[in-house]
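Q: Annotations per Swiss-Prot:
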type	residues	note
BINDING	Gly8, Ala9, Gly10, His11, Ala12, Gly13	FAD binding site
BINDING	269-283	NAD(+) binding site
Amino acid sequence: MYDVIVVGAGHAGCEAILAAARMGATCLLITSDLTAIARMSCNPAIGGMAKGQITREIDALGGEMAKAIDATGIQFRLLNRSKGPAMHSPRAQADRTLYSLYMRTIIEREPNIDLLQDTVIAIETKGECFAGVRITSSRVIEGKSAILTCGTFLNGLIHVGMNHFAGGRTIAEPPVVGLTENLCAHGFQAGRLKTGTPPRIDSRSIDYRKVDEQPGDIEPILFSFESKGALQSKQVSCFITKTTEETHAILRKGFERSPLFTGKVQGIGPRYCPSVEDKIFRFPDKNSHHIFLEPEGIDTNEMYVNGFSTSLPEDIQLEGLHSIPGLEQVKMIRPGYAIEYDYFYPHQIQATLETRLIENLYFAGQINGTSGYEEAAAQGLMAGINAVLKMRKHEPLILTRSDAYIGVLIDDLITKETNEPYRMFTSSAEHRLLLRHDNADIRLHEFGYRVGLLPEHRYQATRQKIEQINAVKTLLSQIRLESGLANKLLQELEYGEVTGAQQVTTLLKRPRVTLAKLLATSPELHSQLSNISNNPLVYEQVEIDCKYEGYLKRDALVAEKIQRLEAHHIPALLDYHAIAGLSNEGREKLKKHRPENIGQASRILGVSPSDISILMVHLGR
């Protein structure tokens, strides 16, 4: 009998199986195609707004995604450099073939992981507890717990124009039939969602004179806090072009053969990643939309047309591409398509990602209604950790909204109504100044170390970094820069003169004044700091902490107040009908979502502040 069975080997499944195995559990990974482990079926990239922060959080907890992209990335960029540090988000293009191979190699090296190429068609239970999985041969494999990471495979249906095919992720991959029905028979409620992907084109047929080059950063920021040294491969460029009014006219021609507009697609698509035809329909006043041409790897001519996700007929897709500058003679390797799939409403899971109906059964990834590799990987990691912690009768790992973007993601899933694919944004996190990509290791290393995923050397390295940050901050608060040196720097930055010696931390709070400029101005200051640390990452944290000190303190106080609400637990079987005074909508939503604490209850749509007050009085708070 296995300790943990993971069903599906996408990004959620990979993190789940690795976390459980590295924590010492005996694990089985079941997937319908072992050559497609961690396949990037859509965009060949990791990171981006909020997603880059999640990837670094996965790394800080001891997950693998950050190392995988560092090893197989072909272009690295830090987005939103012109904005504040809360908005900085790392992103990297991946060699999609190498990424999949990397993750398979890592999984095969783990001695606690067995692999099985098969399809799970049902789960088996004993009472209300998970007991095993049934595969296509009807054989039952017993396990103490299971994590379902089925992606878009559940009754997957692919649409290209008015044609549709059964498919799990691509036309070449069969869907999983029967598992949704089996879970519904156990009492779960399922819904239907849609996502899509753009056509792929031959890079040799692009006219590069008509597109704008977008190179990677000269000094790339890697994702893993453990990654050191040079990139594994030479960086490649992406390219930017845009649709035209002619493009829009061509695509409108195909609306009558669009599964989106003719009602053939019943699933709800992602609001913030719409198809190109949906953008044209929803924003008729816009004359053009940006198109990003992204290479799929070093040794392939295949290019991903980001911004042109579509399920229009093939002939319309190609004609539309030919109307875009630089793509007049482009050759289409494979068309874009939409895929519909089943998911399960996430109010049916707990904060640990264990299902409410069946004990020791966990859901992670798109089965919970999310979109994106990073969101899936984060859920897989947390499900893997919590499955093992529960098996050992240890306290679960539940990250709060002020701990991590991962905490925001899971909290949103279980408290908000999800009827469209959920994706993470920086705006989703009310504590985003605390949850930066650069401090993920500082925020989360204790959690990763406690559960046994973060190795000793990384834990100690982070502890040392924190000690150096504190020592540098203490030193800077005690040092004053004499007025001559201070004015020399301020004049260069077009500030007015100051009189008397200036405290270094006061100078550092000014816009455009950086620690690097202060050190260049004062060799003595540089020497004093060098005695503590020469680590630029330490200096970066010191500068951010100093510049945003007031905001950070205020945010921390707000987070502390919210934490007090999180400490007020609600009994799992509380009878909401017995609580007089609750609004009808509030009672209905509380009964549906079954919040675990007052904080969660307060974030449920439809539960009013007066409902929360009544609930707290009833619980004697």
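Note: Cβ is positioned from N, Cα and C throughout, glycine not excepted.
Structural setting of the listed features?
A: The Cβ of Gly13 (FAD binding site) lies under 8 Å from the Cβ of Val6, Val7, Leu29, Thr31, Ile147, Thr149, Ala364, Gly365, Gly380, each on the same chain and at least six residues away in sequence. When secondary structure is read from DSSP and collapsed to three states, Gly13 (FAD binding site) falls in the helix class.
The DSSP secondary structure for Gly269 (NAD(+) binding site) is coil.
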Q: Would you list, in sequence order, the residues of this chain other than Gly8, Ala9, Gly10, His11, Ala12, Gly13 that have their CB within 8 A of the centroid of the site's CB atoms, where the site is the one recorded for FAD?
A: Val6, Cys14, Glu15, Ala16, Thr31, Ala38, Thr149, Gly151, Gly365, Ala376, Gly380
Q: Does DSSP give Gly8 (FAD binding site) helix, strand or coil?
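A: Coil, per DSSP.
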Q: Determine the most Cβ-crowded residue among the binding-site residues Ala12, Cys273, using a 10 Å radius around each Cβ and all protein chains in the structure.
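A: Max Cβ neighbours within 10 Å, all protein chains included: Ala12.
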Q: In the structure shown, with every protein chain counted, which of the binding-site residues His11, Arg271, Lys279 has the densest set of Cβ atoms within 10 angstroms of its Cβ?
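A: Within the set of binding-site residues, the most crowded position is His11.
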Q: Would you pick out, from the binding-site residues Gly8, Gly10, the residue whose Cβ has the largest number of other Cβ atoms within 10 Å?
A: Gly8
Q: To the nearest Å, how far is the Cα of Phe283 (NAD(+) binding site) from the Cα of His11 (FAD binding site)?
A: 33
Q: Around the Cβ of Phe281 (NAD(+) binding site), how many other Cβ atoms lie within 10 Å? Please give the count over every shown protein chain.
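A: Step by step: centre on the Cβ of Phe281 (NAD(+) binding site), count other Cβ atoms within 10 Å, giving 17.
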Q: Hey, what's the Cβ neighbour count for Ser275 (NAD(+) binding site) at 10 Å?
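A: A 10 Å sphere around the Cβ of Ser275 (NAD(+) binding site) contains 26 other Cβ atoms.
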Q: State the three-class DSSP label for Phe283 (NAD(+) binding site), counting H, G and I as helix, E and B as strand, and everything else as coil.
A: coil
